[in-house]
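Peer 1: Annotation comment: TrEMBL describes B:86-300 as domain 'ABC transmembrane type-1'. Per TrEMBL, the feature transmembrane segment maps to B:27-53, B:90-111, B:123-143, B:174-195, B:231-254, B:274-299.
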Amino acid sequence: MKTTTRWLAATAALLSMTALASAAETANIWVRADGSNFMPQIVEAFNKGHENQIKLDIIPNGELVQKYATSAAGGTAPDGLSLDLIYTPAFAAAGQLEDITDWAKSLPYFKDLSPAHVKTGTYKDKIYGLPFSADSSVLIWNKKLFKQAGLDPEKGPANFAEIAADAEKVAALGGDIKGFYFSGACGGCNIFTFTPLIWASGGDILSEDGSKATLDTPQMRDAIALYRGMVEKGLVPEGAKTDSGANFFAAFAAGNIGIAPSGAFAIGALNTQYKDIDYGVTFLPGKDGGSSSFAGGDNFVVTKGTPKLAVLKEFLDYAYSLEGQTLLASRGSLPVRGDLAKEALKDLDPRYQIAAEAMAKGRTPYSVVFNDIINSANGPWAQMINEVFFGDDVDGAIANAQETMQGIIDAGTGQ
Amino acid sequence: MSSITAKAGAMSSQPVRRRAKVDRSHWVGLLYIAPAILLVTVFFVIPLGMTAWMSLHNWPLMGQHRFIGLDNYVAITKDVRFWNALKFTLYYTVIVTIAIFAVAFPLALFVEKPRPMASVYRTAFFMPVVVGFASASLLWAWLLNVDSGLFSPAAQQLGLTEKKFNLIATFNPAFWSIIVMVVWKVAGFTMVILMTGLQSIPTELQEAAKIDGANAWQRFRAITLPLMRRTVALALILSVAGSILAFDQFYILLRGGPRNSTITAVYWIFNQSFVSFKLGYGAALSMVLLVILVVLSLIQLRLLRNPEGT
């Protein structure tokens, strides 16, 4: 009898375990290739410690939007998505995303989440995206070249005049050494690193709600004059003119560029892959000082009607924990919880603190047609920057871009 | 009476038998071409129908679509950038087609005759055709890179230029770089088509002309060129159609630059569909391009039709 009872108990236990195991669910999420440094690690860590599981797919950067759209049309969209934050309004406007306002506002640390992310995650007063990964824009300089040029290697430039003067001194070293680098044919790179110069000087390129293009401002012209002056003096490599972003980071990493605007991602990449480069990190300054930064990274969004919302919430809860934020930070993403940022970064390179501080003050332009007006290689922003940095007609280029950009904004996403 | 009936029966039964025979062969024939019909239906007719249907809608890449009739086509008439792209595409087509023929014809004449190493030359000239357009464009993107590529640093090393030169920074060098790349990539294919045409010309004709005292140029003009009409027509139509649909090389190498001066029609369709997320409008543009391509092909066929019908 005893044996039978034992057998029955064991069978019941086994059955209940099987029931538990079958109750566990798997949610599918996507991330763009830029997130391949941190996403597989955090998914792996989550899967190890939880019944519910996440299945991750990494999608090439340039294909994510198209692939998601076609999958959504075919009913095979993933349950969730780590999405470049600037796309959140467009996805929300298209009715593809789940409204997560109540859940977001119920999070005890909601007010500490990256404000720029939350702003782009909000569409018509409802929240469709929450911050997941973060990357701020900063200015980096090569300490070795600064030293060789007779500059203080520990002091980065703090205003436009200092950028130009330092770049000139470094370029004077001659040979292949140049003072400054930027990708002159890349709209995305320059919204990330050039607009902070305008913001820090008190200007903007779009109105707060994204309904008006505001390109023609004195602050824009000052920032253009800074870049244009450096190009005219030969402080910028010839290849910058046609660089569509492929060399955005690699040029500085090659070791012959004095100063380059870049992202916080550069800290991790330089520390692990280019250990011989001694570099400093500072804020992107305004004309007469001050600072600003582009708040980039990803929002986490949920596909409308997914049955796996509970699993996704569990996953996001983990990503927001100190353990999750520390893990993300160690893999190159800045923490998105302001209240945990210091602690999550405490064991890492101190230069991350500058990037985190820049992030806290960071801004992100808000637009449902961001791809069209800014990221497109043939859009008004990309065309304008190339013309004003290297061409002959600054006034015409600004006026043309202002008109084209406003036309696209007015037309909205419709046809 | 009975004989008449019998005759009539015999007369009427004959056509019935023939019809049955015809019907059977008709079905057998259909069976033979059924796979081709299926492929054309699935991969051409249905997508074409869907594109035409799509072009009548406001069809965003994401979200709901709605029927708008011919509005997309009306919008095309006001789309200055599409017409500019089309103008540029036609300009590119003319230049690149002439360039391809200018290179491929001499090559075909060179490798057509049996000569030592002829097959090696043929293989060498044909090899770039095997490389995909995207791969070839990436290779050339590297060759043309002003800092890390081959052309600019090599020219500097050889003392041909003092300063680095960025071949893709202004329109003319960028455009001609593309032409050179495409000719390198495609001429081998045209060469093979022209070579088979040359080889199909009966040698007796050439021999007879030789005996009559015609020199090489006279034989080329009076025999080779006229008998190559159909082959040239095929090569021309393929080259023109390929050039009108040019996309990869411009997208990968120049991204429409410098300053939007090298946007082709297909590039603009891609841009509208997948950057501006307007699939319906992109479909309408595709239909317009299709019509233009069909008209151009018909004109070429008519111009190059053999007057003797041989």
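Quick reminder: no glycine exception, Cβ is built from N, Cα and C everywhere.
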Peer 1: So which of B:27-53, B:90-111, B:231-254 has the most C-beta pairs under 8 Å when paired with the transmembrane segment (B:174-195)?
Peer 2: B:90-111
Peer 1: Considering only Cβ pairs within less than 8 angstroms, which of the stretches B:90-111, B:123-143, B:231-254, B:274-299 has the most against the transmembrane segment (B:27-53)?
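Peer 2: Looking only at B:90-111, B:123-143, B:231-254, B:274-299, the most contacts with the transmembrane segment (B:27-53) come from B:274-299.
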Peer 1: Which stretch from B:90-111, B:231-254, B:274-299 shares the most C-beta pairs under 8 Å with the transmembrane segment (B:123-143)?
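Peer 2: Selected stretch: B:231-254, with the most Cβ pairs under 8 Å.
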